Protein chains: 4
Amino acid sequence: MDWQAITARIEAAVTPHIGTGKVADYIPALARIDPTKFGMAIVLGDGTMVTLGDSHEPFSIQSISKVFTLSLALKHYGENVWDRVGREPSGSAFNSIVQLENEKGIPRNPLINAGAIVVTDMLVARSGAQAFEAELLGRFHRLSGDDSIAVDEEVAESESATGSRNRALAHFMAAFGNMANPVEQSLGAYFRQCAVRMSCRQLARAALFLAFDGCDPINREQLVTRENCRRINAVMMSCGHYDNSGDFAYRIGLPGKSGVGGGILCIAPGHGAIAVWSPGLNASGTSMVGAIALEELVEATGWSVFV
Amino acid sequence: MDWQAITARIEAAVTPHIGTGKVADYIPALARIDPTKFGMAIVLGDGTMVTLGDSHEPFSIQSISKVFTLSLALKHYGENVWDRVGREPSGSAFNSIVQLENEKGIPRNPLINAGAIVVTDMLVARSGAQAFEAELLGRFHRLSGDDSIAVDEEVAESESATGSRNRALAHFMAAFGNMANPVEQSLGAYFRQCAVRMSCRQLARAALFLAFDGCDPINREQLVTRENCRRINAVMMSCGHYDNSGDFAYRIGLPGKSGVGGGILCIAPGHGAIAVWSPGLNASGTSMVGAIALEELVEATGWSVFV
Amino acid sequence: MDWQAITARIEAAVTPHIGTGKVADYIPALARIDPTKFGMAIVLGDGTMVTLGDSHEPFSIQSISKVFTLSLALKHYGENVWDRVGREPSGSAFNSIVQLENEKGIPRNPLINAGAIVVTDMLVARSGAQAFEAELLGRFHRLSGDDSIAVDEEVAESESATGSRNRALAHFMAAFGNMANPVEQSLGAYFRQCAVRMSCRQLARAALFLAFDGCDPINREQLVTRENCRRINAVMMSCGHYDNSGDFAYRIGLPGKSGVGGGILCIAPGHGAIAVWSPGLNASGTSMVGAIALEELVEATGWSVFV
Amino acid sequence: MDWQAITARIEAAVTPHIGTGKVADYIPALARIDPTKFGMAIVLGDGTMVTLGDSHEPFSIQSISKVFTLSLALKHYGENVWDRVGREPSGSAFNSIVQLENEKGIPRNPLINAGAIVVTDMLVARSGAQAFEAELLGRFHRLSGDDSIAVDEEVAESESATGSRNRALAHFMAAFGNMANPVEQSLGAYFRQCAVRMSCRQLARAALFLAFDGCDPINREQLVTRENCRRINAVMMSCGHYDNSGDFAYRIGLPGKSGVGGGILCIAPGHGAIAVWSPGLNASGTSMVGAIALEELVEATGWSVFV
């Protein structure tokens, strides 16, 4: 690959769009982010790191954390995870409650809010909120080689303060017996994981194992089984972008997960992991410029899984 | 690949399940199919054809036809297809009308009934019902090398006679201005394409172009652009199995499309096309034994796009 | 009652609002009605007829016909009517199809389109479309003493030509086995009954039996049983104005039924029947000025059933 | 009225059904009620009290409290009540959350849980939870002449302990800005009002003002305006029995409100107030035997508002 040409091509593609989209503004810490930020990091199996723009600047990973939490849950609970959450696309917005009523408190998949709350609830039930957070951050530290990755306390508090809709989801699932802990306990852990700050470099590095059968190709740690790795990617492909997942698969053709902080994580199986960040979102909460950058990358590399 | 070992492995996996699931019984021609039938055909890029069981026996392809109709529509209309149909998973059953009301007559994707009716309506509007059917069958004849592939007239008539729900979908879309022809005209063409009979060998062969960038690797015909090929596969991955699409991606990890006749078509990009047939269906209308066979194939070959 | 004072009061109340609301425009015959029309007729048990404005001008009764069709169905089928249609408010628009899917083809009540189509289908199954229409018109002729009351053929044709949504409802119910006749046959009868033209005087007179235990107080014809009369009024109160029924009960407090032609029929049990007409509609398809006139009438007479 | 004959008739009608239906069992205090209990009290405008069975035995009024809370809100807030809650039947179960999502946190009416929580929230915002409860109980004491009417503390605590679904509703509304107080504060007041214990005699007596233009005919206290009285009755008619309201209007034809404790309150405008109690419920949470008793009463007295 001629990475210099590829990054130049991506840069040319995104430049006219920098600043477009709507920055999340439901909490101050997100609302005040400079909308013209753009960063991207591509990590390959041999550790090569290709970067663009603000790739070292930490941002709030938000819902991208759901992928890592799911991988922990599959490690600890295996197929039992699916007793409490489905793996079908929801066809609706990230925080919809309608489906929960029709399907008796079982969320459609682990990458919408309700599903991620249930997955967090499992992990909190297993070892407590602190141990769960320690395990999650431990992975980030180990894989990214940076022990400073942490929860942004201001964001975590704001998430909780504005979290009425997530509270509604959690109490609703509790009404169907699908919460193992007191709602506030699991919600607290959920809000904190969403508030982790990482840079594109760190995020791509931390997810590299998902491109290589669950085994980090650099430090050789097997983080999930080969089978579960494949499955996590499948769930990301089907459900990673709420009611925009089909369009993302159509345009980009890689398993991915977006966050309202403007980050997108993508996995190119057998090739590498990509993290991109730009705060302006489309109507479904996916970074507009981030998606354009990924589209260009896929076009240039032929990494789509659908070729 | 040691195809002898692989087919033995698949045979061992499916044997205990032969006859399970529920055969479609809404029309006599489907209801009377022997539930213990099982056939499979894997076609590779060099034309190698690996088969199991009743791979040469024709069956009703039903909704698998939607993939071929979509490929014709993308060829003739390009991106304009998406003005009249979405590309998001529906999260609901194949014949649900609820989403149509909420989204003003625009079906979620071209692989549910409403969406395929709209796509057919486009093609009928372009050249008439007969020319559309001739083009579709012409492709089948050319690619499969068998001019006897045809519409099963008994099935087509039964589909129309029992088609109240599809009529409701079509009239509902007409109410929102999303039908270009009289409803019965487009429905007639739709019912006929669903009633085409093909064997696993023919079906896999006819779809081989989708595994090779839209170009049939044997006769070198470019049937859709490379870009549209990728996109068709993406839509199959997201939406190919109604409210079971996420589960199919999770278990099998290949773009696919099921039909209530018991057939499943799968694309392994860069490797080949697979057709499997066994009449017993799960609750979402996907062949139970067919899915097991595909799961085993993917396990044995490593063809999942998510590895 | 000082009817002179009451009519003066109503006139004063409606005058500032004449011409407000949106005239139905989905068919030409309705779209070209003068929006400033206003008529009202109050018929008492002794035959006294109090009128205002254009009370003798015929208009398209549209959905008001559903009340009379229901009374015929209850006469001929009794409680069996409720095997095929419910009697609960729908909480949604007049032509919504969502509820039909959730409740397996049984419409919520006989005063929404789907429900009235089913009721018509019953009556057509019993005696044929022509006999049904003859019975309905016969009642109108006999009670109003005017044999010229008839279906407006232009309107009936336009209804059919633009009836995609009603076709969708009918085919959808057929898919659940809830249509006894071919869809077009029952729909034809349905469209024709909606296209009957009557004046406020005729309409109020024809409905007088509903204010007096099912027995017309002038000609002594018992049109429905006392029990069914009470029940028809109950259904009108609960369901007579689509998703506006609660508001109508709140403001006016009388059983009523609106039509998109701008008519409203109201029953004041023990007192009389009222028909009002003014073409401008609110968002739920109820005549805006008509509702104001009724509100004032109820205020002046104390006829609300909730006092 | 020959009340002796009427009560005998009611008794004969209910006897074969005593014990039918399903007693609410989500909290112990309700689950342990003797299912064969039956009481009824009819209070007339002159203070005459006609009773049957266990008419003096206190029971948990549950959702019947919503009528009294609404009357307080209309007194204090007038038409502004309707800025935060609708007055349309919901067409769905008492605790459905689906409608709330579609209608942006505005509950359909004040007699479903979400609506009553909003109404309570208004009253708590006005004067605090304690003052609200004091005002509510004060009315009960004054009208029923019994100062011992109180909240059942065990029931109130159980309601709160099992109140996940109501918590979900409240947090969901908070997410749309439709809660003025912290969720737990208003929910606490809501749970307590549902836990008030009253007998049929007390309940009928306390609601007598609703049958007489808002003015208690015995002690002459005007509790709501004549207009608001009429409107409360209209809302009870349209919405008093969740997705069973249409059927109740059809069968009984009086404004009413049911509670899962097995009580039903009915208003016969101009005649009197009726309270009936029997713990076995139908699928929509209305007392089965209670409804039969009311049906018989209405048949015997001709009190239906639809005659």
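In case you wondered, yes, glycine gets a Cβ from its N, Cα and C as well.
Because TrEMBL annotations are produced automatically, they should be read as predictions rather than curated entries.
As annotated by TrEMBL, substrate binding site applies to C:Ser63, C:Asn113, C:Glu159, C:Asn166, C:Tyr190, C:Tyr242, C:Val260. Around the Cβ of C:Asn113 (substrate binding site), the number of neighbouring Cβ atoms within 10 Å comes to 23.
The Cβ neighbour count for C:Tyr242 (substrate binding site), using a 10 Å radius over every protein chain in view, is 25.
Of all Cβ atoms in the protein chains displayed, 22 besides its own lie within 10 Å of the Cβ of C:Val260 (substrate binding site).
For the substrate site, whose annotated binding residues are C:Ser63, C:Asn113, C:Glu159, C:Asn166, C:Tyr190, C:Tyr242, C:Val260, the maximal Cα to Cα separation is 19 Å.
Taking each of the binding-site residues C:Glu159, C:Asn166, C:Tyr190 in turn and counting other Cβ atoms within 10 Å of its Cβ gives the largest count for C:Tyr190. In this view, C:Ser63 (substrate binding site) is surrounded by 25 other Cβ atoms within 10 Å of its Cβ, with every protein chain counted.
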